[in-house]
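These come from TrEMBL:
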- B:34-193: domain 'Glutamine amidotransferase' (DOMAIN)
- B:C77: active site, nucleophile (ACT_SITE)
- B:H177: active site (ACT_SITE)
- B:E179: active site (ACT_SITE)
Amino acid sequence: MLTKRIIPCLDVKDGRTVKGVNFVNLRDAGDAVELGALYAAQGADELVYLDITATVDGRSTFIDLVRRVAQTINIPFTVGGGISSIADVSALLHAGADKVSINSAAVRHPDLINELSLEFGSQCIVVAIDTRYIETANGHEHIVHTHGGRKATEIRSIPWAKEVEDRGAGEILLTSMDTDGTKAGFALELTATISGNANIPVIASGGAGSVEHFYDVFTAGKADAGLAASIFHFREIDIPDLKEYLKNKDLPIRMTR
Amino acid sequence: MKTVIIKYNAGNVQSVMYALDRIGASYLYTDDEAEIRSADKVIFPGVGEASTTMNYLRHVGLDKVIPSLKQPVFGTCVGMQLMCRFSEENHTECMGIFDVDVKRFPADAGLKVPHMGWNNISNYQSPLTAGLPDNAYVYFVHSYAAPVCEYTVASCDYALPFSAMLHKDNFYAAQFHCEISGNAGQQILENFLKL
């Protein structure tokens, strides 16, 4: 049976993970390759590496990192952050990334989704949607945000999710800026609406604080995968324990131990 | 031992090369017929769309070379589909090594297509699955699949049972991506290289 995926996300700046990481058994917790390999060994189903570097030098460092990750780990990984052209995607895929995630560039230039999926295949094009529930002329609506969730667009998130699928996205990475960082649980209703409408997988992100939250997002939230960062980095949830819990709740989970 | 990865207009095969690096296998990445014919093992990876890829193989003559190879050949993902008779993906006549037709997953089964993620394989009957735990999980990304047939040596279930692996004579194939399928995928690659 197709399993629900658990995906740790690593923010990377100048080739190193930026969020404080509390793994005593790592020689260098800032080493993004070593941390990814540890997650893979613990049973993570995929990894996401987000480049939050803004400089050109940082960019080439990131590509070098992608290459080292691909050489080291034997599970799929997605890379994102600042991707805005076919050339960017080509460089990352050739370095060994399995998928790329685009966000702001897709909002600015939606045709990019079509171009990338034609050039590289839908299966490797993930569109990240950062969404926030805000007051609009029509009352309150889920609105797409860019710039790490700081800048509102005019785009409504639910139809946008359908549009990115129609344009050839292979997967949606849905981050609720309302729940992100709260550890109060994923945005279940919105995730369920978008995943229920979609014929492509939806990765839910933002708000994970407990193992129950993952259970909720895979059931009520209808998500295909759950992504989190700090709760894994700070070992508030260990991936083997999380997967054991979900398995015992009769969800389809890939067990590796 | 000489291992060749067949070079053609497939998408990214970098992860296949890294996977071979991890198990310490050397390889040549080439489309040269003489090099391919003289290899001990041939890997035919695939990422892409069936008809474009098949047209390219015809254009360079690989559509005749691959079915005539005598050494162990391992096709993966679209590589496996192109080794079948026909693919519903843009109605493509393929190489016909396995006499089975590749079909799109039914849209009305209430399941998302592509089938993307980790799924378990079972009913192993292949030397490539030696040492694998029962119901090993491997990573799939595909919208088309070969039904279970006389060449099926491992099956998987998504909407309906389909062929996860095929085997006939010296030809081996896997629908999933061994190179990113964790330890199970690595074991299968090692088993192929040990044939």
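Placed from the backbone N, Cα and C atoms, the Cβ positions cover glycine too.
Values in this document were obtained by computation on a predicted structure and should not be read as measured data.
Shown on the structure are the features that TrEMBL records.
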residue : record                   : Cβ neighbours (10 Å)
B:C77   : active site, nucleophile : 26
B:H177  : active site              : 23
B:E179  : active site              : 28
C-alpha of B:H177 (active site) to C-alpha of B:C77 (active site, nucleophile): distance in Å? 6
Rounded to the nearest Å, what's the C-alpha distance separating B:C77 (active site, nucleophile) and B:E179 (active site)? Just drop the number here, would you? 11
Express the predicted model's confidence over the domain 'Glutamine amidotransferase' (B:34-193) as a mean pLDDT, rounded to an integer. 95
Mapped onto three states, the DSSP assignment of B:H177 (active site) reads coil
